[in-house]
Amino acid sequence: MNAPPTTTPSGGNHPTPAGNGPSTAIAPVDVVLFGATGDLAHRKLLPALLRQFKRGQISPQTRIRGAALQDVSLDDYRHSVRKALWRFAPEAAADSSVLEDFINLISYQPINAAQYGADWEALAAFLNQHPQRSRLFYFSTAPRLYETMAANLSKAGLITPQSRVVLEKPIGTNAESAARINNGVGTHFTENQIFRIDHYLGKETVQNILALRFANPMIASVWSSQFIASVEITAAETVGVEERADYYDSTGAARDMLQNHLLQILALVAMDQPTSLEGNAVRDAKVAALKALRPWGEGEELCRQVAAHTVRGQYGPGTVDGKAVPGYVEELGHPSQTETCAIMGAYVDTPRWRNVPFYLRTLKRAHEKCSEIILTFRPDCNSLFKNAATPGQAVAPAPDRLILRLQPDEGISLSLQVRNPEAPHGATGTATLMQLVLSAPYRAPHSDRIADSYEKLLLDAAHGDPALFVRRDEVEAAWAWIEPVLQCWAAENTPPMVTYPAGGAGPGLPVLQP
């Protein structure tokens, strides 16, 4: 993690960024991880920081302060961090010298995030040893604590012009709570200091949507309703709720994945070309796309639209990877109306996307882990072969598709119709065609590994680059569209919950009528 470069030598044997040769030093930053004993810190944040450190993107003088409610010793905390790094960043932790240098950057203190006291004064004493340093506060806690934590930082005098705060999703559970959190944090931090993180936006494959769309004229020219029949955005997981059962039952698939990750991807796919690649220009374009989502209506019309255009489901018992697994209710231990699958059909009412259905789909206990975007092209674009099939033979070729695979097998594939060299003599029309799939992995040109999204996002937050973070009006626009659906699901039980077997394909898509 680096602030703007300084001219002070970095010293020591800290590695220099590969390919850069001698370079100016990287200014140290004070990082405070609230929720430092939690799963996210151990599985994502600390491994990302270690990898940055190994690449020379973190100064050896940077300090990482873990803060959490648990009263553990520094030795015990560092031991837990080592174990996590060996597990979640083994390639970086394999260099024992780098690992121990990184561990030595870490300190720890117990802190009650919900109440101001001597522990906050201790944090102030620690940070005020270097009052001019940039500070990055990472809130990896329950969102209900965000307002109080921001107020406590302010009371302790720790928010400087060089301070930034990162807020983990979800920002609230509905529009009202999201506004309350944004107002509470915004009382103490300016909007330019607030970085609402959505780790999907840090994925290289998601960032590539902009490059694919706007750096390739042949793609840009067909990116509209004239050529595209539908867009499917899917995030499927093979895992169940497991140790997150209590959290998940109060959240559900729509709030956990669809309201944030999938709507952000929809915005990148649907938005018009921004005026530039500057952070706020991109976010302006995304907000415009989110605000163009067709409203669900009110009263009886709302529930009619929700019943017709959404699906909610729970996984039942089934088989995953050859092993029998229980259903959601069995894992939870009691009946529940919380969905583990959420599907919503949407229209983006702009000239570019007139009457093109967008399908947002997320589910747990699917037969495979897969996050992807499928753009299906209109078959009637090829008028020469339309209705020209030989009688008794296939009358319609499979539609052309562009598939962007976001994870785990990152890549791009394009299916096209080509002439079948084995077509029967005398065949005409579609009987002469076959589908050709062009597929390529998406990889770094000089590395076997694509950086984890948190590595990119932590650097951007330290630099104050907001492009890949979610602005307040994006959060509000997303909640404004999805909250009526959630209210109808809860109040009217519409549509009814469906059960799908674990390890299966999940429920089908709704049929949308423009």
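The backbone N, Cα and C atoms fix where each Cβ goes, and this holds for glycine too.
Because TrEMBL annotations are produced automatically, they should be read as predictions rather than curated entries.
The substrate site recorded in TrEMBL includes H199, K203, D256, K364, K369, and the single candidate from E237, E242, E243, E278 that the record places there is E237.
Same-chain residues at least 6 positions away in sequence with a Cβ under 8 Å from that of H261 (active site, proton acceptor) are, in sequence order, D198, Y200, A235, T362.
Looking only at the binding-site residues E237, D256, the densest Cβ neighbourhood within 10 Å occurs at D256. Of all the binding-site residues listed (K203, K369), K203 sits in the most crowded Cβ setting, with the most other Cβ atoms within 10 Å. A sphere of 10 angstroms centred on the C-beta of K169 (NADP(+) binding site) encloses 20 other C-beta atoms. For K364 (substrate binding site), the same-chain residues that are 6 or more apart in sequence and have a Cβ closer than 8 Å to its Cβ are E237, V239, G240, V241, A253, Y315, Y328, T340, C341.
Put simply, K169 (NADP(+) binding site) is 9 Å from D256 (substrate binding site) when counted between their Cα atoms. According to its DSSP assignment, H261 (active site, proton acceptor) is helical. A 10 Å radius around the C-alpha of K169 (NADP(+) binding site) takes in these binding-site residues out of H199, K203, K369, in sequence order: H199.
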